[in-house]
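> One structure, pasted below without further comment.
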Amino acid sequence: MFFLTISILVCFHEINGFYYNPDFYVPKWKEFLEHQENLTETLFKNYDPGISPIYTIFDRFKPIGYDPEGPSRWNYSVFLYYLKLVEVQEPQEKVSVVLEIMEGWFDPRLSWDPASHGNISSIYTRQDKIWSPTLTSFGVDDIIDFRDPDFRIANVDFAGTISNYVSVRVSANCRMDVSLFPFDTQKCQIYFCLPLFNIKQVEISNEIYEGLVRKNVISEMGNSEWTMINLTNRVDTVAYDDNFGNMDLAVFEITIRRNPLYYIYMIVFPSFIINVISIIGVFLKNADKMSKLNVGLTNIMTMTFILGVMADKIPRTGIIPLLGIYIIINLVIMVLAIAVVTVITEFREWAVPRLKLKRGSVSRKLEIFLGSPLEYTCAILLELLTTANFFVMIGFCYLVLFNLKAVFCFYENKSYYVAEWNDFLNHQQRLMSDLFQNYDSTVAPVYTKLDITKPIGYNPLAPTRFNYTVYLYYLKLVEVIEPEEKVSVVLEMAEYWYDPRLAWDASSYGEIQMLHLRQDRVWSPTIASFRINEIADFRDQDFRMVCVENTGHVYTSLTLKVSLNCPMNVGRFPYDSQTCVIQFCMPLFFMQHVELFNSIYQGILNRTIWEKMGNSEWDLVNLTNRVELLSYNDGVGDMQLATFEIKIQRNPMYYIYMIVFPSFIINALSIIGVFMRKTDKMSKLNVGLTNIMTMTFILGVMADKIPKTGSIPLLGIYIIINLFIMIFAVGITSILAELQKWAIPKLKAKKSRLNRKLEYILGDPLETICMTVLEFVNLGNFFVMIGFWISDSD
């Protein structure tokens, strides 16, 4: 035990000796620490971090700068000094970036004379000791703050300028234009704002660190698939028709360009090779018609599969991407190849015997030309089309890889401060002292001296119910997951309530009509989302702000991502529209005590704004609000639900070129194959079975996109009809073959004119008629689907 104690003491002595450095502990440092301690004691003696330094004496209905004696707007700056592209999820239209930001603002209460405090020009302090604005990302899908929530540090200089470091990962909603996919360039914006403050009070500025916009630095900000080619900044104003809800947005815009090489060697080049070889196979001499058709059908099914692989990489937009057009052209080339070789074969069988009867030089030349030369000519033309289609794609690749340009711009703004600000801050400090002297933020102002078993308003002497309002001023559709019947939206909202304890006479406090302060200083109701799947609150948990007006009205802003359960009716899929509701409530309060309201900002109730609120697959076509009553018929458990209802309509183009058109082509060619003359039954059956298995696979692909409901969607009915058409085709050709075997010998035994006609009809004409009828049914089924699309577009 003695030796153990000695060993521990020796270790501690060595550790202390290791950390001690006499060069660090100089007298000047000690003087600095003493001056800093005195400075912070003086600086924070009467400082209240719950009070905002923002000048709020203004008329919101007058233009900015109308008062020449007042200070200019309070300036808040966002300074970007690093950005890294993390992930691009095209189907969800989501771009994730890591941002390293410095935010700066001014607080005149935190200024000092360095000469009076040992020439100290700046100090570092805990952020919770000073008032800080609540920076909010606007309209984002997700945000992660990497800072330590308990030990955030801010820098304060002697002029009252404060800077703070922010490290965040932001997943922004980025509306994508994939018309040039995979040679596309996307522009995405990351927005920051201060939603609680009026645009006439606060001016936001943003800037990018100069060293960040160098070309070699920007090129390192991308990832393997995407190259960053531009980074700019600006300040946008979200302007509505009434000029009242306007808000500054600090915008950082990134321009990214896709590296197309992956898609060149994975899709473009293999598709080219497959098509070239398939054309050779279709026009191969001495091969039977069924073998040629099988080559063509295999090619078409392969192209359809490649189209599906491509479609999983992009959002389901209303346009066909360039790579999709390339694949569809290859598919059409193969359809033409099959059609040409079939027509040439039939035409040769009809024309060659007639040309042999005419023994002229022209007839002999035509007979020779209708042989191999005509097929070779058609094959060469189709190969040239395939090659041209390929080189067009390679040309786009060349333009993308060798024509990269970037343009940079900067935005800068300054604020100026006047002496009148000090008077305002003094009045505000006195107001805060008086207002919160006996205020208890844990006690609700809700009047509860009521009998909840009696009807609302039974006591005429009691105040009206406590009013709580949910106010929606922006909505963005983020994601629709049909199999789970889940719809995700981002909501920018404000909530309002009334607290009579927070009312004051503005004339007694320098005409101050508004205060901005920490939310934990006041009583706040707890709003809850009702019947939802998931919710994410993007507000800063430690620095939430509220605005209090001299009338006692309190409001704050909310930025939420809500994933709600939305029962879907997919009977008309993919031409369906869905109606989903987002509901909020106050479940702890009786309806006799609290009345719930909701409203939508009028500036967003127009179709121009709605176009930006949807995504590539879904358009927002209506947005309404109402308050519903959830009643349990006991008179006690009833509850109000503030309801926002959205109606979204699907853009069906993705399903047209991915499922409807390929299914039509495959069915049309399969019908020809099943009724092809001079082929054995097993080959015809193979064509039919291959088609049926393909349709079943397509049915499975469609089923993965919708919930497992009790009804068959329109697209499912279309595929099932195609499937039954092929079953009928296989069945008819089998019956006809057996009928011909049984009936023709009997008809030949009786040599009459009627029997000869029946014998002729039971041959090729009957098969041709059945094939034509089934082709018309297939075509009619296709045009019915297209008709739904056209009628919905009108």
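Cβ atoms are placed via backbone N, Cα and C, with glycine included.
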> Which stretch does TrEMBL mark as transmembrane segment, out of 585-601, 687-703?
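Residues 687-703 are the ones TrEMBL records as transmembrane segment.
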> By Cβ distance under 8 Å, which residues at least 6 away from the ends of the transmembrane segment (654-675) in the same chain are close to it?
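That would be 290, 293-294, 296-297, 300-301, 303-304, 307-308, 311, 316-317, 320, 324, 328, 331, 335, 338, 342, 574, 617, 684, 687-688, 690-691, 694-695, 698, 701-702, 715, 718-719, 722, 725-726, 729-730, 733, 767-768, 770-771, 774-775, 778-779, 781-782, 785-786, 789.
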> Taking a Cβ cut-off under 8 Å, which residues six or more beyond the ends of the transmembrane segment (760-790) line up next to it in the same chain?
572, 575, 652, 656, 660, 664, 667-668, 671-672, 674-675, 677, 714-715, 718, 721-722, 725, 728-729, 732-733, 736, 739-740, 743-744, 747
> Could you tell me the mean pLDDT over the domain 'Neurotransmitter-gated ion-channel ligand-binding' (39-260), as a whole number?
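Mean pLDDT across the domain 'Neurotransmitter-gated ion-channel ligand-binding' (39-260) comes out at 88.
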> What residues in the same chain, six or more past the boundaries of the transmembrane segment (262-284), come closer than 8 Å to it by Cβ-Cβ distance?
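Distant Cβ neighbours of the transmembrane segment (262-284) are 182, 225, 292, 295-296, 298-299, 302-303, 306, 309-310, 323, 326-327, 330, 333-334, 337-338, 341, 375-376, 378-379, 382-383, 386-387, 389-390, 393-394, 397.
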> Checking distant contacts: for the transmembrane segment (687-703), what same-chain residues at least six beyond its ends satisfy Cβ-Cβ under 8 A?
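Those are 290, 293-294, 297, 301, 304, 308, 655, 659, 662-663, 666-667, 670, 673-674, 713, 715-716, 719-720, 722-723, 726-727, 729-730, in sequence order.
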